[in-house]
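Peer 1: Reproduced below are the annotations present in TrEMBL:
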| type | residues | note |
| --- | --- | --- |
| BINDING | 144 | L-glutamine binding site |
| BINDING | 360, 496 | substrate binding site |
| COMPBIAS | 18-29 | compositional bias 'Pro residues' |
| COMPBIAS | 41-50 | compositional bias 'Polar residues' |
| DOMAIN | 69-256 | domain 'Glutamine amidotransferase' |
| REGION | 1-50 | region 'Disordered' |
């Protein structure tokens, strides 16, 4: 991501070799709230001095080692559950407003869109109980949307009223000055006052993923415990008495959570291409120009390890995000892929950084005639532990229809999912191939003058998009696709290049510069890295927010550490110290 004074590179990696396990536990989903408006001067809650909300001790320290979780069912709350359990606490789910009022310590991990969250809390009658609980200065922790909903209102699909406990309006980041929105990645906090749960963070970085933020003002200054700079200073956390809320994700900031742990700087995302091999086992593989089979007589699928084992290794090596791409997901019904869902569940028990999953997310009708919307498919991935979903072929079809008609129907997978979960939850994977041209006017698509001429001296090229794992060409360019999906609600683009995949000659700089200059959302550069200099080159020559590599790490030609050290030496901020997971009370085997 880019910030006013800080541009953290998000270096994405896919690495190698199986390994042992760290922390573990079980599952669930999302979040939400309702609104009771309170006058910010007369009805603001008068909260008592702190008695501390410390949810880090082992179960034996507390007479009642239970955390009450307000999980309204809209996104990935599985990681929060796993983090709480790994700390030795049991979980009680809120079933009624009474459960909120009776809670000894309450956590509200909001994931999704402001209006949808408010609707749920309103319909379930939980907003009044939540306001009463907070006004009584009971131990409370809100996460992400769990912070935003405490404010008076939000501009997201609004204006929409919030709980009205903190003065201020939640607005969208201003992208008019070139700022990438959503704000996705690791950033530093500026502490404004003592807040015990922030003490372990100090100068370290934490993980953000959001398009909307609340701004500090004279009216809410008594609440603000830290800010963060992304274009402007926005509110990163609030604290009054026993009430705490944070815009960032402590459960995704490299550790177990809740006293906010050891979060160091930078960002590394491990990317794993996953598919079933010829024996029916789910394996991590890697192709050359999208061909994942070995050049042998047997022509077997290249097997580079087990997904959960590798994800655990990346986490222990310091990866800041992990992405699973189910590269044959376009063929089958993804909800029928139980092994992939199980991989997500097992990984989320042991890995406390963001998880993205892609492959086959689309509307689907099964053999019995039962229709599933893309939103239902994505929701199952979120319930299984994903924080973001990546859409490929279906995004191309949606963009083609939108360009043809000029109408947003609200029915595309991008629109359905971003409306409920927010655009930060939707990644679009673009898979183009280069088409050289002698004359830029030969096609109706955006062209570029290429740095390296084509085989017949061509000086121009356009980038033709594909679907079905690169097997089928479409009459739409990468530029046109990127612009369309941003308008439809995508929050991030993973930009591949079939020509460069597995070649080790460097990223397709011309393509990456074209797309990263065209959109205001983050762009992940993928395909072609072969040496450390390729990573610094892509950050220096383009506006890419991240860079991804796979084969060089699978084959141990480079290590994550050596690439990050090089980036750091080149003045590109990265997290150099791997997170050391704490001892866990769980010892369940990996597979």
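Each Cβ is built from the backbone N, Cα and C atoms, and glycine gets one as well.
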Peer 1: Measuring CB to CB from residue 144 (L-glutamine binding site), give everything in the same chain under 8 Å that is also at least six residues away in sequence.
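Peer 2: Expected: 109, 110, 111, 209, 210, 246, 247, 248, 249.
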Peer 1: Around the C-beta of residue 496 (substrate binding site), how many further C-beta atoms are within 10 angstroms, looking at every protein chain?
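Peer 2: Residue 496 (substrate binding site): 27 neighbouring Cβ atoms within 10 Å.
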Peer 1: Tell me, how many other CB atoms lie within 10 A of the CB of residue 360 (substrate binding site), whichever protein chain they belong to?
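Peer 2: Taking every protein chain into account, the count is 24.
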Peer 1: Express the predicted model's confidence over the domain 'Glutamine amidotransferase' (69-256) as a mean pLDDT, rounded to an integer.
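Peer 2: Value for the domain 'Glutamine amidotransferase' (69-256), mean pLDDT as a whole number: 87.
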